[in-house]
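For reference, the structure discussed in these notes is given below.
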C-alpha cells in the first residue's frame with residue numbers, strides 16, 4: 001500500500017515529522033517498507049513540448065524531434081523511438097548528463113544513425129515512477145514547459161510504502177491509515193462525514209443479483225450529462241505520485257476512491273450498456289475483453305456483471321473494455337458492490353489478474369461503506385464532470401453484521417502481561433472506531449464495520465496492545481519449572497545427531513540435498529509412487545519425494561567432480577519417503593565415496609593411497625549403526641544388496657530377513673548410468689528408524705568389569721579355502737569352537753595369487769584364547785587349536801595351509 | 001722396560017687401535033683369552049717361588065686390570081660410535097607433510113550445527129523437542145491453524161500440493177512447522193513446552209528463498225504464560241544464540257492467522273562490508289514471528305481458550321544460521337559444494353554445549 005505524506009495529511013491533522021510518523025506506523029503494525037523521495041532523484045527531468053516530429057532519414061522506427069525545453073532556450077534536437085512522439089505532445093525531457101534510473105545509465109550527447117541527439121524524451125518506466133514503457137510520457141497540454149517534472153507531478157511529496165498484513169483491509173485506504181495514527185496520538189483524524197447526493201430521477205437501469213452469496217450487496221446510480229476528460233491536476237498528481245497512470249476523470253475517480261477510502265468502484269459508460277444489469281455466474285466459455293487489453297475465457301465459477309449483450313465486467317476484479325468510460329462518455333453508471341472474498345481470490349488466481357480491486361475485495365471491504373462510498377464518488381463525478389445524478393439502486397444488505405464482544409478488562413493483563421487502565425483502553429478503542437459500554441469488570445465493545453478482522457477478545461487485546469506499544473510490555477522471566485533436567489531429544493533425533501558426528505569423524509562431509517528428485521531417479525530407488533508426486537513441482541526434475549538420499553548425494557558428488565573435486569566423501573542424514581502417511585517417512589543415513597576418498601585415508605598421499613571400495617561403505621554403515629546404538633553383535637551381513645548396487649560387491653545389513661537395516665557396496669553400473677554419474681562410486685544407506693530400541697536401563701552404572709588374572713594366548717591359523725568361502729563364516733566357526741575361551745577372532749591376511757590354486761584363497765586368522773580359571777597347559781591349548789582346524793576345514797571344505 | 005710393561009703397553013696400544021667391536025674382541029682374546037699373552041703370564045705364576053709370585057702376581061694382575069678396564073672403556077666408545085653411525089644412517093625426512101586426520105577433514109553442515117545450538121539453548125529453558133511429518137494434511141497445515149478455506153493468508157504460503165485423492169482431499173508439503181504444534185496439542189495435555197524444528201517447503205526460488213527451508217517453532221501452553229514471558233524467552237534466546245552480552249530487539253504488531261496478538265521481531269544490527277554485528281548499529285533485521293496462540297487454534301485442538309493460554313514463535317533456521325555465520329546466499333546451503341561445506345561446515349568434535357560455548 002502506497003501513499004504520500006500530503007495525501008495522509010488530507011486525513012490526519014498532524015505536525016509530526018515524517019520520520020516519527022513512519023516509526024509509529026511500523027510500531028502499530030503498519031510496517032513502513034520504504035520511504036521514497038523522488039524529487040531528489042528526478043531533479044534534472046523537466047517538462048518539455050515536442051515542436052515537431054519528423055521521420056528519421058535512416059531509420060523507420062525513429063523520429064527526429066525538435067523539443068521546446070522552455071525558459072526561452074533554443075529548441076533541442078532529440079532522436080526518439082517512441083511511437084507516440086508527435087508534434088504538440090507535452091512530455092518529460094532529460095538533458096545530456098542526466099542519470100536515467102530506469103535504465104541505469106547516464107545520458108550523453110549521441111549520434112543515432114547519423115543524426116545528433118542532445119537529450120531524451122522519457123517514459124514513466126525510465127523515471128521509475130511506473131512500469132509503463134509503452135511510449136514517452138504524455139502530460140496535459142497545459143503543463144508548464146521548462147518546469148521540473150517531479151515538482152509539478154507532486155513527486156516532491158515523500159512516498160511511503162506499507163507492507164500491509166492481509167487482515168487490515170481497512171488500511172488499504174489512506175483514510176484508515178490516518179485513523180490508526182490518530183489512535184496512536186499522532187494527530188487528529190479528519191473525518192467530516194459524507195453527505196448523500198440526492199437523486200434527481202429514478203435510475204433507469206435495473207439490477208438483478210442471481211446469487212447473493214457471491215454478491216451480498218450491490219449499489220448503482222447513473223450520472224447523466226457528464227463531460228469526461230483529463231482529471232484535474234490535484235487528482236492526476238495523487239495518482240502519479242503512487243505510480244498510477246491517470247486515464248480520464250471518471251476512471252481516475254474510481255482509482256482515487258480505491259486508495260483514498262479502500263473502496264473500489266466501477267464505472268460503466270451507460271450508453272454502451274444494453275438494458276438491465278445482472279450479477280451472475282459466467283457461462284462456460286463466455287469471454288470478456290478486459291480493461292487490461294486481454295481477453296479472458298470464463299466459466300461458471302466466475303462471477304460477472306452482464307447486460308443483455310453479455311458479460312461487461314469481471315465482478316470485483318476488472319471492468320470490460322467495451323463498456324469502459326472514455327472522453328466521449330456522457331452518461332456514467334457508477335457501481336459500488338460487495339463481493340464474496342473467497343470467490344474473488346479464486347477468480348483472481350485463476351485468471352492471473354492482480355488488480356487493486358481484487359486486492360481489496362479478497363480481503364473484505366467495509367460493507368457499511370458501500371453506499372456512502374457511492375455517494376462520495378457521485379459527489380466527485382459531479383464536481384469534476386458535472387451531470388445530474390439518478391437515485392441509487394441498492395440490492396442486498398449493505399450494513400454488515402453487528403459484532404458486540406463481551407470483554408473482561410482483565411483479558412489484556414492475562415494475555416499480554418501489561419496493565420492498561422480502562423480510560424486508556426477506552427481512548428484507544430474509541431479512536432479506532434469501536435464503541436465501549438460499561439465500566440467493567442466486563443465491558444461491551446461494538447466493533448466498527450470496517451474492522452472485518454476483529455471477532456473476539458484476543459483481537460481486542462491486540463488492538464489495545466499494538467496502540468499502547470508492544471515495547472511497553474515488560475519482559476517477564478519464564479520459570480523452567482521443577483522438572484528434572486533430562487535429555488530432550490527423541491530416540492530418532494539422538495540417532496540422527498550421533499550418526500552425523502560419526503560420519504563426519506570418518507572424514508566425510510555433510511550435505512543437505514533436496515527432498516524432491518526427478519521421477520526416473522526416484523523409481524531407480526523404489527520410489528515414484530503416485531501419492532509422492534507433487535502436483536505443482538518447482539521444476540520437472542524436482543517432481544517426486546525422494547525414497548532415498550542417494551540420488552541427491554550422487555548428483556552432488558558428480559557436481560563436485562565436474563568442478564574438479566572428484567575425491568569426495570559426502571553423507572546426509574535426513575528424511576526419505578515411502579508413502580504419504582507419517583509412518584511412511586523415515587530417517588536415512590547415507591553416504592557416497594568416490595575416487596581416492598577412501599576410509600583408509602583421503603586423497604593420494606606418500607604414505608599410501610587407496611581408491612574407495614565397497615568395504616569402506618560397509619565401514620561407514622557400521623559406524624552409523626554403532627553410533628546410533630544398534631546391537632552390533634546381532635547384525636548379519638548377507639552378500640548382495642539392493643537392485644541399485646553391484647550384485648557381487650554389495651551387502652545387506654539385517655537382523656533376520658524381516659528387518660533389513662541397510663545396504664552397502666559399489667553402485668551398479670546401470671545406476672550410475674541412469675544417474676549420469678562417473679563411477680565407481682561406493683554407497684551405503686541405513687534406515688535409522690529400523691534399529692531396534694535399546695532396553696531402558698534402571699541405572700547408568702556400567703556392568704562390573706571382569707579382569708582375568710591369566711594372560712591370553714594368541715594362535716594364528718591360515719586356511720586354504722575356495723574363493724567363494726566367506727571370511728565371516730570362518731570367523732564365526734572358529735568363534736563357535738569354545739565361546740568361553742575364545743574371546744576374539746580376527747582376520748589378519750587374505751591372499752590370492754602365486755603359490756595358491758587360482759580358484760582358492762588363503763585366509764589367515766588370529767585366535768585369542770583367554771584362560772578363565774587357570775593357566776592353560778600346552779596340551780589344552782593344542783586341543784583347542786586342533787578343534788578350530790577341524791571345525792573350520794569341515795565347515796569350509798578347506799585345508800590348513802602348510 | 002720390563003717384559004710385562006712392554007706387553008701391557010702393546011696390549012693397551014692394540015686396544016686403542018681397535019677400530020670396531022670385533023677387532024677389540026680379537027685384542028681381548030689375544031691378551032686375556034685362554035691362550036692370551038696376559039693369561040700366559042698368569043699361568044707362569046704357579047711355577048714361581050712364593051715371594052716372586054707375590055710381587056709378579058700383583059704386577060701381572062695390575063696389568064690385567066688395566067687391560068680389562070681399557071677394554072671396557074674402549075668397548076663403550078666403540079659401541080657409542082657404532083650407535084651414532086647407525087643413527088646417522090637412519091635419518092628420515094621429518095618435513096614430509098601429514099595426511100589430514102579424518103576428524104579434521106570431516107564436516108558437519110551449518111544447519112545441523114545450528115539445529116544443535118538451538119536445541120541446546122531451549123533444552124536448558126525446559127523445552128522438549130517435537131517433530132512431525134513433512135507431508136501433511138490441509139487440515140493440520142491450515143484449517144486447524146485458523147487459515148479459513150480460500151483466505152488470502154493461505155496465498156502467503158505458496159504451497160506444494162500432491163495430486164488429489166479419490167475423495168478429493170489432497171496432501172501437501174508443510175509450509176511451516178506449525179502443524180507439529182497442532183499434533184502436539186492434540187496428543188498432549190497442557191502444560192506444554194516444546195520446540196518443533198524441521199524442514200518446510202514453499203514454491204519460491206531466489207537468493208533469499210529456496211523451495212525447501214527449515215524452521216524452528218516454539219509452543220508454550222499453560223494457565224499463565226503471556227506476551228511478557230514470550231518477549232523474555234526470545235530475548236534470552238537471541239543473546240545466547242548470537243553469543244552477545246546484549247541485544248536490542250524490536251517487537252512489532254503483525255498478522256498471522258494462528259496467533260492473536262501477533263508480532264514480528266527485529267534485531268538491531270550493523271552491517272559493514274558483509275559483516276554483521278548485533279547489539280549495535282542502525283539496521284533492524286527481521287528474524288522471527290510470534291504471538292499468543294489464537295483462541296480458534298486452541299479450540300481446534302481441543303483446548304479451552306478461557307482456561308488455557310500460551311504463545312508460539314517461529315523462525316527460519318537457515319536464516320539465523322546465515323546471520324550468525326555470515327552466509328550470504330541461502331541457495332548454497334543446498335548445493336553440496338565441498339569447497340563451501342569445508343569453509344562453512346563444522347568439525348565433528350566441535351559439539352555445541354552451554355558449558356563449553358556454542359561455537360567456540
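Cβ atoms here come from the backbone N, Cα and C positions, even for glycine.
Taken verbatim from TrEMBL:
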DOMAIN    A:39-150  domain 'TRNA-binding'
DOMAIN    A:400-475  domain 'B5'
BINDING   A:453, A:459, A:462, A:463  Mg(2+) binding site
DOMAIN    A:708-801  domain 'FDX-ACB'
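Annotated features taken from TrEMBL, shown on the structure.
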{"residue": "A:453", "record": "Mg(2+) binding site", "Cβ within 10 Å": "19"}
{"residue": "A:459", "record": "Mg(2+) binding site", "Cβ within 10 Å": "21"}
{"residue": "A:462", "record": "Mg(2+) binding site", "Cβ within 10 Å": "27"}
{"residue": "A:463", "record": "Mg(2+) binding site", "Cβ within 10 Å": "26"}
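Helix, strand and coil counts under DSSP for the domain 'FDX-ACB' (A:708-801) come to 30 helix, 32 strand, 32 coil.
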